[in-house]
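Peer 1: First the structure, then my questions, so here it is.
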Amino acid sequence: MKTYQGTAEVKLVVGNTAAGYYKDIRPNVYIDVSKVDELVKLCEKADGIEVGASVTISNFIGFLENLENLKLEGSTNGGIDVANSSTDGTSVPHVLAAHLKKIASNHVRNWGSVGGNLMMARLYNFESDVATILLGVDAHVKIVSLGSEGNIVTETVRLEDFLGKGALENGKLLQSIWIPIDKQPSKDSQVLFKTFRAAPRPLGFALAFVNAAFFARVSENKSGVVTLEEVRLALGAFGTEHAIRARRVEKHLNGKPLTWDVIFEAIRLLKTDVVPKSGTSKAEYRVSVAGSFLFQFLSPLLEKDSDHVSEFNGLLSSGKQRITMTDEYYPVGQPTVKIASDLQASGEAVYVDDIPSPENCLHAAFVYSEKALAKVKNVDVQEALETPGTVAYISAADIPPKGKNIGLKMAISEARLFATDLVECIGHFMGVMVADSYDHAKEAAGKVKVEYDLKSVGPPILSAKDAMEQNSMFPVHFAVAGETKPIGDIAEGFAEGELKLEDVQVSTESQKHFYMETQTTLAIPDEDNCMVVYSSTQTPDNVQRSIAVALGIPYHNVRVITRRVGGGFGGKVFRSSAIAVACALAAYKLRRPVRTSLDRNTDMCVIGGRSPSTSTFSVAFTKEGRITALKAQVLIEAGYEPDFSVFLPGDFTHALKKYNYGALELDFRICKTNTVPKTAMRGPGQVQGSFLAESIIEHVAARLKLDPEIIRERNFHDISSLSKYYGAGAAGSSESYTLPSIWARLKASMNWVDREREVQQFNEKSTWMKRGLAMIPIIYCNMAGSKSAMVSIFADGSIVLETPGVEIGQGLHTKVRQAAAFALSKLFSKGRGVDISRIRIVQMDSISMANSGITSNSTTSEGCCAAVQAACEILVERLTPTFQMLQAGAPDSEVKWDTLISKAMFMTDMKVHHKYTPKQSFYLNYGAAASEVEINLLTGETQILATDLVFDCGKSLNPAVDIGQIEGAFVQGIGFFMTEGVEIDKDGRESADGTWTYKIPTVDTINKRFHVELFNSPALQERVLSSKASGEAPFLLAGSVYCAIRKAVISARKDRKNWVADSKLADQDSVPDDFRLNPPASMTRIKELCGLDNVELYVASMAASNQNIKLDAQSNSV
């Protein structure tokens, strides 16, 4: 440190885990202090614990647990009976260790240090759990420096004072942390110590909204009166600069006998200590939960036999999959292992970014707008080009004379590549910086100076409401306009209804794709003005076409190769093209290979996501709950370009029509906003449509005070209305309409009646935990498209398949290979046909599989299977004469595949190309799911206790793959309905820009028990091998979780209403079951609906009740 003092920016590091959060802080010098003896010291002394600043959090946890195991523990709660403690024990080491395990992840805890965490809190106001819990035990820190005479100067500072300052002075170093522990407590008093945190994920991987560590020394007299002799209350992460002590509350509680009135005043007083700074998100929620924590800490001392909150126990505990197999199309229908799954698990599977860089390869990083709407006055790249390793800046000015500024070229639409004089959203591409590494390119991109003109364009349009006011619209695409036409006479339908709900508004937010592999491309210039492009895309065809148009060269000069994609979910259907075009343009201009693999933050900023929607509906219905008419206006936020949003009305309508509304009239508006273009996302439109359908059911049920499942059943289609809503072709026969049977099967298999009664009994007994059980159906409309295939048989009998379908993890290659084995084995007796191991399916290549179309809609697998099957049947037909000749020559023996091919290869064409076109473009999937949840009224946290799901995918092509698709889609649906909110600020910047701010489901937020059954549906001759798709429809069934949460909230709100009456406090929310809960049903929204003041109301009601008891006692004594 002395060597570099004053000459460079120095950072002392142990694991440097702070770089994962503070990415822009890049000092000149790093000094590793992970091996300095004095800094890794961990020791237990007579009156406490000393923890070296460089001790990793994992080592600290191990040390604390070892202390517990050796019985070297601090004070316990002894005679104080603390019900439902937040930990298994209340010793200081135990509680600290248990809390530390909820910080970050194992990997981060293994590298991150205790001192480093505290320095982050001190320097950057990091929302540290470590700082809060150490403040709660009155920790001190030791700071050392080198004296003027070369001696070591030591300074001990209270942690609270340490946190309140900035960087340590030059030459000073945090050496250790001292944790005092009283090992000889008073016989007349005992110690209570608990910690708390409220975070989007219970077991780590997320920063807390608020955390706390509370310490109290308490005594209890013979009358059972508990007195607080000493109280220490530490809170953090609530929007404060650093963890604090709630001094006013401590002063109020110290020395007082504990009563409900004392607790009530303490919670009220806490609001004067816990004051989030201006601009803090969810500020009211954080303050409310801080009060909940104080209640949880103090109330067990008064309510020794009362329930409070159960410990989190949400890890997956059981799963069951029920399938019915058939060998009718063997090996189709068998649960064979997915192709290349072993390579994926071992890391050997090659994705685009795994391809070794060719010689002289460069890397590209995007330069994009930081303004939502502005004219571009100037782009200054001079300083950026001086960044080490930087080669060039590529923009629209570099497009070849015959090319076009096109990032996406389709037969039905096109989109620009780079902005020129106007940017229309934050994330609008302006160019790419090209350098010798991605880090250098990214650094250079950050140095590009853009001069914006904001005044001449006016304010940006950031919401559907703004778009409506300014009439900023895209037209609904003509291809889907027919799907949204009215059904029945809307006036007659409303006249028939006895009751009405009018102008009810519900909305959905966007959702990010969050695929494991971000957008990735490698573009390599080839001879003869050609370009070879490796792209992680669902549409190699679009990429080929877009690059060719942008460069002004023929399509056949562009070869796009896609071996596999690390997840797409629709995000690589349209949005991947611009990434590939930018790399290809740079490679074409510089005549050098160029690649990019977007970092997560950039990917989430520029790719868009699911289209948000706002729906306003009016509905008429009878007193029995039969809906007679529905009228709705649906606003879909598209972004600044139409992308896929203009096609959404058709899909939205399909999912909405799962119930029979009688008359139906829909009005769709596609809103042009100054946000990143929204795009296809698993179940596009159908997710939003299904949500609206369930919202309608829930509101009708609330009005009638009936169970929503009753309303659902009363509005199921019969085959007549199903045909009216979807068309006779899609609806099929009454035999193929399996939804009523699925609904009955699910109710019986999950014991609906008993489970519903158990939930009701639980809610009657439990105050702070409420459960909900809900069951929903889906009708999902699939669109089947034409697909082609090429099958080649080699001289050794091995077989190669080529299809236009891209393997994106959905098991397409596995199913196609099974279909080929079935079709090629028709000449042989069962079990003696072509072994599946002889069949290989190769990567998608836009030259050999021209005009390939899109891998989407979950129907590409079945389409490719059908094309391969037909091609193989042509080969079988060609091979039949040779087979019959061989069989006639050896009537007593079985003809072998090898023999057949060796004889036929000289006289038979062993390659077939075939294009399959389905007879019916649309068909329906059916399914139902029931979920049970438990919500915590104090924090809003939700556990999904169980899900039972029955899904009809026809005769499954591969049950193992389909089960995986169903479970994966459902879990992703949990994210949409519970955790994956995308908010936008007043400047047009989305909150979801990385893993710190965007939370997909993890092992601690998914359903604890998950049972899935593939419904044994009848044979469907019109379908491909009697199968149906499975990849998207089950996503919608996660709506059962959302509906279960609504039921739990209703139960909570009824209790709250009683507390209001008992407490005599005013309440503005008088209708407990009439409320709006828009997804995601996050813990903050759940807490708000259960009451940010519910703790105060409860405590006030208890105080009033005790006062009434005293008055009654006095009256009786008189």
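Note that Cβ sites are derived from N, Cα and C of the backbone, with glycine treated the same way.
Keep in mind the model is a prediction, meaning the values are calculated, not measured.
Per TrEMBL, the features are:
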- 1-184: domain 'FAD-binding PCMH-type' (DOMAIN)
- S113, V114, G115, G116, N117, D129, L174, R197: FAD binding site (BINDING)
- Q538, F569, R682: Mo-molybdopterin binding site (BINDING)
- E1032: active site, proton acceptor (ACT_SITE)
Peer 1: For E1032 (active site, proton acceptor), which residues in the same chain are close in space, meaning a Cβ under 8 Å from its Cβ, but six or more apart along the sequence?
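Peer 2: Looking at Cβ-Cβ distances below 8 Å from E1032 (active site, proton acceptor), excluding near sequence neighbours, one finds R682, G683, Q686, Y780, N857, S858, A969.
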Peer 1: Taking the centroid of the Cβ atoms of Q538, F569, R682 (Mo-molybdopterin site), which other same-chain residues have Cβ within 8 Å of it?
Peer 2: H513, Y515, G567, G568, G570, G571, K572, V573, A680, M681, I808, S856
Peer 1: How far apart, in angstrom, are the most distant Cα atoms among the FAD-binding residues S113, V114, G115, G116, N117, D129, L174, R197?
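Peer 2: Farthest Cα pair among residues binding FAD: 26 Å.
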Peer 1: Looking only at C-alpha atoms, tell me how far D129 (FAD binding site) is from F569 (Mo-molybdopterin binding site), rounded to the nearest Å.
Peer 2: 35
Peer 1: Tell me the Cβ contacts of G116 (FAD binding site) under 8 Å, same chain only and six or more apart in sequence, or just say none.
Peer 2: V13, V14, G15, T17, A18, A53, S54
Peer 1: If you measure every Cα to Cα pair among Q538, F569, R682, the residues listed for Mo-molybdopterin, what is the largest value in Å?
Peer 2: 13
Peer 1: Rounded to a whole number, how many Å is the Cα of F569 (Mo-molybdopterin binding site) away from the Cα of R197 (FAD binding site)?
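Peer 2: That separation, Cα to Cα, works out to 33 Å.
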Peer 1: Cα distance, Q538 (Mo-molybdopterin binding site) to S113 (FAD binding site), nearest Å?
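Peer 2: So the alpha carbons of S113 (FAD binding site) and Q538 (Mo-molybdopterin binding site) sit roughly 42 Å from each other.
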Peer 1: Distance check, please: Cα of N117 (FAD binding site) against Cα of Q538 (Mo-molybdopterin binding site), rounded to an integer number of angstrom.
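Peer 2: Answer for this pair: 42 Å between alpha carbons.
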Peer 1: Which whole-number value in Å describes the distance between the Cα atoms of Q538 (Mo-molybdopterin binding site) and R197 (FAD binding site)?
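Peer 2: Per the Cα atoms, Q538 (Mo-molybdopterin binding site) and R197 (FAD binding site) stand 41 Å apart.
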Peer 1: Would you count the other C-beta atoms found within 10 angstroms of the C-beta of S113 (FAD binding site) for me?
Peer 2: 31
